[in-house]
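Asker: Have a look at this one.
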Amino acid sequence: MTLESLVPAASAAAASGPEHVTVPVAYDGILLASFGGPEGQDDVIPFLRNVTRGRGIPDERLEEVAHHYRAFGGVSPINAQNRMLKAALEAELASRDIDLPVLWGNRNWDPYLRDTLRGAHEQGHRSLIAIATSAYSSYSSCRQYREDFAAALEETGLAGSLTIDKVRQFFDHPGFVQPFIDGVFSALEELRQQLPGLDVTRDVEVLFTTHSIPSADAERSGPASRGFGPEGAYAAQHKAVAEVVMAAATAGADIPWQLVYQSRSGPPSQPWLEPDINDAIAELPARGVKAVVIVPLGFVSDHMEVLWDLDNEALASCAEHGLIGVRVPTPGVDPAYVSGLVDLVLERVQGTAVDDRPALTALGPWYDVCRPGCCENVRLGFKPAVAGIAP
Ligand SMILES: CC1=C(CCC(=O)O)c2cc3nc(cc4[nH]c(cc5[nH]c(cc1n2)c(C)c5CCC(=O)O)c(CCC(=O)O)c4C)C(CCC(=O)O)=C3C
Ligand SMILES: [Fe+2]
């Protein structure tokens with residue numbers, strides 16, 4: 001496929017544009033945008049200062065949250081994951097004859113978004129389509145990326161000469177969901193082999209886990225015309241995807257499951273989404289549960305939250321309560337996920353009609369252009385953002 005035949009369009013996020021962009025757009029590069037993480041002990045505190053910028057948290061407090069990174073030699077797994085994802089995307093694009101380079105930039109660590117954008121513009125890029133490594137709607141997983149794109153364009157003086165659009169939140173895209181279906185299926189097989197006579201409808205509980213967020217952020221996740229209830233689009237999207245995974249992976253067996261949360265931070269006085277995964281695990285033995293399948297539904301790859309908060313803490317909670325625990329893999333560079341991300345770019349390059357876009361839940365396909373008020377943060381206040389309609 002060649003991209004030359006396509007008309008160069010103005011930014012798909014044109015101020016009054018529709019929520020789905022169904023005209024072809026001649027993007028000239030893919031921006032793989034991620035969180036970033038430290039790569040050695042000396043990086044840890046500067047990285048945490050970046051993450052918590054503007055919130056006035058003293059270094060002594062940061063050292064307290066640094067211990068996960070310290071235990072891994074100061075190295076987050078996230079950058080290695082993104083290097084692998086970039087290479088996998090490049091291979092997938094090449095195999096489909098799609099001539100779009102993948103440029104990687106992070107919000108909180110090198111390579112920083114601003115440097116990636118500066119380099120992209122110097123190389124002649126003018127119109128990028130971003131893939132953020134984050135599947136759901138919330139301030140941290142959607143709007144903060146869009147704000148940081150706007151800030152990086154402003155900082156580099158490139159606002160107006162480089163546009164950044166963003167693929168839709170992909171929580172219910174088959175490429176993202178399939179690895180979880182495969183993972184739950186395999187985990188149940190593994191438990192059946194490990195525990196002969198296991199009755200999965202009685203002895204097993206599936207815990208879908210995601211990053212907790214402040215309840216105030218959850219309530220304001222998704223578009224301003226919300227209607228998703230007090231936990232917002234964030235929880236609604238996770239629950240809808242969990243239902244799809246259960247239906248597909250269990251062949252109709254009625255296995256109990258719930259959505260739980262992990263990695264809470266912030267002051268105890270501030271309400272965050274609950275229950276915490278460890279509290280949920282502690283309740284299970286009283287109900288006769290023997291084994292737990294932990295599904296990291298909120299994570300696209302093996303972040304520190306997966307390696308520490310799940311593989312270390314949550315599996316230890318299982319052991320403490322006499323439960324067998326199995327953790328399902330994250331999508332990582334699963335071929336279904338990688339090819340799904342390329343499909344998400346192509347639907348924008350081709351201007352695919354909404355009805356032809358794959359979505360496994362009734363909530364999708366999600367918006368290409370964020371609605372006014374989408375995923376606002378009431379604590380941090382209004383900041384300009386790309387790829388959305390201003391209020
Ligand atoms: C929803 C969500 C995602 C998923 C979406 C996405 O992927 O973007 C995510 C990802 C990540 N969060 C990460 C790390 C951190 N998050 C922090 C703080 C926070 N995260 C929050 C939410 C989320 N975070 C929130 C509401 C806060 C409190 C700040 C506030 O009050 O607004 C802090 C500060 C220390 C602390 O507070 O614990 C750190 C170090 C890493 C890197 C991990 C690695 O190195 O592998 C990744 C991928
Ligand atoms: Fe976080």
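Placement of Cβ uses the backbone N, Cα and C atoms for every residue, glycine included.
In case it helps, TrEMBL gives these features for our protein:
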type	residues	note
BINDING	Ser76, Tyr145	Fe-coproporphyrin III binding site
BINDING	His211, Glu305	Fe(2+) binding site
Asker: Determine the most Cβ-crowded residue among the binding-site residues Ser76, Tyr145, His211, Glu305, using a 10 Å radius around each Cβ and all protein chains in the structure.
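Answerer: The most densely surrounded of these binding-site residues is Tyr145.
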Asker: Using the alpha carbons only, what distance in Å do you get between Glu305 (Fe(2+) binding site) and Tyr145 (Fe-coproporphyrin III binding site) once rounded?
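Answerer: About 19 Å separate the Cα atoms of these two residues.
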Asker: Could you say whether, by DSSP, Ser76 (Fe-coproporphyrin III binding site) belongs to a helix, a strand or a coil region?
Answerer: coil
Asker: Just to verify a number: CA distance, Ser76 (Fe-coproporphyrin III binding site) to His211 (Fe(2+) binding site), in angstrom, no decimals.
Answerer: 17
Asker: Round to the nearest Å and give the CA-to-CA distance linking Tyr145 (Fe-coproporphyrin III binding site) with His211 (Fe(2+) binding site).
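Answerer: About 16 Å separates the two Cα atoms.
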Asker: According to DSSP, which kind of secondary structure is His211 (Fe(2+) binding site) found in, if we only use helix, strand and coil?
Answerer: strand
